[in-house]
Amino acid sequence: VSAGDGMVSENEEEKSQQEGAEQVELRGIVLGRAEGDVSQSPEQGEACESQRRSEREHGNQPEERLGKSTGKRGDKNVHAKTSKTSQQRNSAEQRSLACGKCGQSFPCSSALSLHQRSHNSAREKPYKCEECGKRFSRSLNLIIHQRVHTGERPYKCPDCTKCFKNSSGFLRHQLAHTGDKPFICPDCGKCFNRSSTLVTHQRTHTGQQPYKCTHCGKAFSQSSNLIRHQRTHGGERPYPCPDCGKSFTQSSNLMTHQRIHTGERPYKCTECGKGFVQIASLLSHERTHMEGKPHECPDCGKRFRYGSSLTSHQRTHTEENPYKCPDCGKSFPQSSNLSRHQRIHTGEKPYECPVCGRSFIQKSNLFAHQRTHLVDKPSESPPK
């Protein structure tokens, strides 16, 4: 193996396995970790795989060169000597494939080149965000990124008034209104408006988690989830609240927090009208209404404790009013509604206030009246 190709021959793989060296297989590349720490990200793995494929296509595989040199007359002694020499060369290669700035080792020259770009970020990405230190190759990307800190969202959807900080997010969102979802998952049939979203979704079926944290080893199916997770190690909180200064690891958490200051409660309970800052709080609240209410309306989803209550409720959808007043002909969906109405004609007021004796047709009217007696009155001076 030449010092430049940075590959591990099949003979060396077999020998290192016999010696108990720890093996790590990543995207078809087998890396021996016995000779030192060799790090590799998914992007570097792809670079090594591409390099190995190119060498194989050009006939530079170690076994091919070995076959040409020994031919059919090659004996075991020559083979063993060659393997030992190859292993020594590979050990020297791993030492030579170390980054000169940080000392990190790599399994192939392509992976090393990819890593070295991170040290050149200041030159390749000259535009730096003063808020969080993130760098960009184009000034336009920096301008768009800074909207994360300022909260500016200049692209407004004309259909639902939702706003976005860049045009690409705005255009993707508009597909939600058109309903166009041409990308279909072959496993479950779920449809998506972007091919990248489909690729990410398919990892839920395959269990693939290609994005691995270098600090703790935790793996993720999406690169964005890895980036958010890594902030927990570095303590990075790039999204500060302009009102109180509290910082957050995610922009979505900041948006939720800001509702504390604005008083916005966009998630409303359809049962009682109570509003919530987070949808999780609404879902938790809605369970309190569902407990002990097994009868659900098929039209609106409202639940009831008794089947008779559901039957009465469904008349609000059908506009059926079977209970008719004999005095004025007005109809009602429930018998209790008719009974209350008839008190207007009879003058019956069965609910009497125990404080002042005033009577009312409905119990709710009595309760409203009793609150007038609960108004605080000036306390009398204690007797001297």
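Quick reminder: no glycine exception, Cβ is built from N, Cα and C everywhere.
Note that TrEMBL annotation is computational and uncurated.
The following features are taken from TrEMBL:
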type     : residues : note
REGION   : 1-91     : region 'Disordered'
COMPBIAS : 49-78    : compositional bias 'Basic and acidic residues'
DOMAIN   : 97-124   : domain 'C2H2-type'
DOMAIN   : 127-154  : domain 'C2H2-type'
DOMAIN   : 155-182  : domain 'C2H2-type'
DOMAIN   : 183-210  : domain 'C2H2-type'
DOMAIN   : 211-238  : domain 'C2H2-type'
DOMAIN   : 239-266  : domain 'C2H2-type'
DOMAIN   : 267-294  : domain 'C2H2-type'
DOMAIN   : 295-322  : domain 'C2H2-type'
DOMAIN   : 323-350  : domain 'C2H2-type'
DOMAIN   : 351-378  : domain 'C2H2-type'
On the domain 'C2H2-type' (97-124), the mean of the pLDDT values is 73
The domain 'C2H2-type' (211-238), counted residue by residue under DSSP: helix, strand, coil: 12 helix, 4 strand, 12 coil
Structural state census, the domain 'C2H2-type' (155-182) (DSSP three-state): 12 helix, 4 strand, 12 coil
DSSP helix, strand and coil counts for the domain 'C2H2-type' (295-322)? 12 helix, 4 strand, 12 coil
